[in-house]
Each structure stands twice: as C-alpha cells, then as structure tokens.
Amino acid sequence: MPLPLLLAALCLAASPAPARACQLPSEWRPLSEGCRAELAETIVYAKVLALHPEVPGLYNYLPWQYQAGEGGLFYSAEVEMLCDQAWGSMLEVPAGSRLNLTGLGYFSCHSHTVVQDYSYFFFVRMDENYNLLPHGVNFQDAIFPDTQENRRMFSSLFQFANCSQGQQLTTFSSDWEVQEDNRLMCSSVQKALFEEEDHVKKLQQKVATLEKRNRQLRERVKKVKRSLRQARKNSRHLELVNQKLNEKLGASSAQQHINALGREPVRAPYLHG
C-alpha cells in the first residue's frame, strides 16, 4: 500500500467515533416555561453548595464517554432548599434541607449546568432508586438562574412558602390566582392545539394523496388523448392512402379500356362475286 494511503488509514483507525447528533422527535414543538412548569414533577428553589464529579451512568450516557473523566462532563450537585417545595409538588422537604441532585452535565440535545454558590429554580423528578434528576420537560431547559424575571415568573406560577430570610418570593405573587387559572388551562390548551395540528397534518396527508392520484389520472387522460389523436391521425392517413389507391386503380382501369378499344381487329374487305 502506498505510504500516504497507509497514513490516512491509520489516522482514521485512531480517530474517535463521531458523536451522535441531537435528534428530536419529528413532531417536537417548543413549550413555554409555564406549560413545562405545569408538567414538571417537582419545582424547587435551591442554592448550590458543592459540585461532585460523576461517572457515566444510565441518565448521562454520551457516545464519547472516555472523555468524561478528563473533561468532567458529568457531575452532581449538593443543594440547599431556600423555600419549601413548590405548591403541588410531590417532594415533601422543608426549607433548609440539603439534597443531592444528580444527572448534571453536558448532553447531546441539552445541558444541565450549575455554578457553585449560586441559586436556581430546578425542575426535578425522582427515579425508581429515589435519585433526584433534572426534569427536562419536552427536551428543554430544566434549570433557571435566580433572576428577578424568573422569580416573578415562578412565584406567580407556583406558591413557595417558608423561605429562608431574604428569599421571600411572595412579593411577586399578586397575580397568582390569574396565573393559576392560566396554568390549569395550559395542558388542555396545548393538548387541543396538538390534536388540531395532528388533524391538520392528517388532512394534509390525505390532500397530498388525493393530489397524487389526481396527477396520475391526469397523466392517464393525457396518454388516452395522445393515443386517440394518434389513432385519428393514422385513420386519416389510411383514408388518404386508400383514396390514392382507388384513384390509381380507377386510372389503371380506364387506361386498360382505352387500350382495348385501340386494338380492335380490322375487318377484311368485302369482295363481290
């Protein structure tokens, strides 16, 4: 094998396998924070106390796992609850409790990342082994930084209680009842919209099928018309050929008759006795 080809083959063999690109479902549509908040299993408001490296596992698998140890792609976080869990949540822990949130890091379609000593709003869920994981509803963000805008949004959507000193969120909840009504409507409205979109999609598929059949019928009609035109053309051509043939036959018969008249025998002269 030539040296350049050998080097190229060695380079390809030594290079890591390409990572799988992010592939969302074909029917995926983005959801608002409010709708995702309603669908999230639990919402907590907590401060990150410490970060701990985490080995690759079921919830943080990546094709390039051999880099995880070097780059620190996966980690867990020790967090402290700044308020009781959000109203309606299934996690019954009071403010000041410390929890371990696993499954953080960088993934193919999204990232769950936090910084130590900062506070966040978390969408979390619990697995069958009672591990707390980020709940990335609809393959979207599950962690929100502690900003005034997010405080206003989440304190309006959910009722936090018994917050730590200086972390009261109820100051933004004057429109909570209105937001709660909107929150309860969110899933039903989204479901109705999705059903309507699915119905429209099915109708579009039916229309596309009918249009395809219509095009096929048009092609068949065109072929029949072309065949009919060709048949008429052939018929006219045969008529002309037949007419010319009849004319030739008529002319030939007339010529034969004239020739026959010209060849009548001469009568012998009459002799008197």
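Here the Cβ of each residue, glycine as well, is placed from N, Cα and C on the backbone.
Positions annotated as signal peptide by Swiss-Prot: 1-21.
Summarising the annotation, Swiss-Prot assigns N-linked glycosylation site to N100 and lists a curator's inference as the type of evidence. In the three-state DSSP scheme, N100 (N-linked glycosylation site) falls into the strand class.
Residues or ranges marked as coiled coil in Swiss-Prot (evidence: sequence analysis): 188-250.
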Query: If you average pLDDT over the coiled coil (188-250), what do you get?
result: 86
